Amino acid sequence: MLENVKKSFFRVLCLGALCLGGLMAEQDPKELVGLGAKSYKEKDFTQAKKYFEKACDLKENSGCFNLGVLYYQGQGVEKNLKKAASFYAKACDLNYSNGCHLLGNLYYSGQGVSQNTNKALQYYSKACDLKYAEGCASLGGIYHDGKVVTRDFKKAVEYFTKACDLNDGDGCTILGSLYDAGRGTPKDLKKALASYDKACDLKDSPGCFNAGNMYHHGEGATKNFKEALARYSKACELENGGGCFNLGAMQYNGEGVTRNEKQAIENFKKGCKLGAKGACDILKQLKIKV
């Protein structure tokens, strides 16, 4: 009898320890986010929401952000842009950079909140200050386009420089184009080429295409067909029609490479399919069907 009581008491202690351990685990916000991410990957969005809610209540910024994503996408909950904005705001207050950026997007487009360009700029600026490249690029784009603020190429250069420094490929390409044209900064072809090259390294196809053009024509560097071919080839691999067309043209004309009409035609075909009109035109001249 006494032995049975001891066993029962031991079981209660063990169960108590398990419960305590569970509570402790639930109180670890980062672990909660990890569990939420696991549930999300398994497409159990309802369970993911529960974990993210608990993490957010414990002021874990990524928990609030992920909760905002669920409401924005309508996963595990009814789609609610107002709630998405609310949770992005909480994440941003807790210095989660992408939360600031996406909140900026909502204010810029007026989704879930009243459209407010000044607030969009404020949140993009905070994202950029938190070293989120897309936040810097968004600011650069706004000042570059001049649709909702007075166009300011100097500020565009400032923010695209920050974006490029944070390895945003598109930001590097646009920065290169500003150096190329001398907008907001003195014209500097060497800096333009360096920016395009970095963009290409970051797998931005227009950056590869533009770098290829500069090497091909000797702008910002000594004319170098080998480097031009390499950039056009990478642009083509990244589905840039102009890159495929220019690569094909160099192969067809034997520039920097042994003439290879067969390979050139294949690249013209790919370029045409990707929307490069010049590639389509040359195929017509050669009487070759795409």
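Note that Cβ sites are derived from N, Cα and C of the backbone, with glycine treated the same way.
Listed in Swiss-Prot:
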type     : residues      : note
DISULFID : Cys56-Cys64   : disulfide bond
REPEAT   : 64-98         : repeat 'TPR 2'
DISULFID : Cys92-Cys100  : disulfide bond
REPEAT   : 100-133       : repeat 'TPR 3'
DISULFID : Cys128-Cys136 : disulfide bond
REPEAT   : 134-170       : repeat 'TPR 4'
DISULFID : Cys164-Cys172 : disulfide bond
DISULFID : Cys200-Cys208 : disulfide bond
REPEAT   : 206-242       : repeat 'TPR 6'
DISULFID : Cys236-Cys244 : disulfide bond
DISULFID : Cys272-Cys280 : disulfide bond
So how many of the residues in the repeat 'TPR 2' (64-98) end up helix, strand or coil by DSSP?
25 helix, 0 strand, 10 coil
Return the residues near Cys92 (disulfide bond), defined as same-chain residues 6+ apart in sequence whose C-beta is under 8 angstroms from its C-beta, sorted by sequence, else 'none'.
Gly99, Cys100, Leu103, Tyr123, Lys126, Ala127
Cys64, Cys128, Cys200, Cys236 filtered to the disulfide-bonded residues whose C-alpha is within 10 Å of Cys172 (disulfide bond):
Cys200
Go through the chain and flag residues at least 6 beyond the ends of the repeat 'TPR 3' (100-133) whose CB is under 8 A from any CB in it; none is fine as an answer.
68, 72, 80-85, 88-89, 91-92, 139, 142, 148-149, 159, 162-163, 166-168, 171
Spatial separation of Cys64 (disulfide bond) from Cys164 (disulfide bond) - C-alpha basis, Å:
28
Please average pLDDT over the repeat 'TPR 6' (206-242) for the predicted structure.
99
Please give me the CB contact count at 10 A for Cys172 (disulfide bond), counting all chains in the structure.
29
Counting Cβ neighbours within 10 Å across all chains shown, tell me which of the disulfide-bonded residues Cys208, Cys244 comes out on top.
Cys208
Write down the Cα-Cα distance for Cys244 (disulfide bond) and Cys56 (disulfide bond), rounded and given in Å.
48
Intrachain C-beta neighbours of Cys236 (disulfide bond), sequence separation six or more, cut-off 8 angstroms:
Gly243, Cys244, Leu247, Asn267, Lys270, Gly271
Minimum Cα separation from Cys280 (disulfide bond), reported as the residue among disulfide-bonded residues Cys64, Cys128, Cys136, Cys200, Cys208 that achieves it:
Cys208
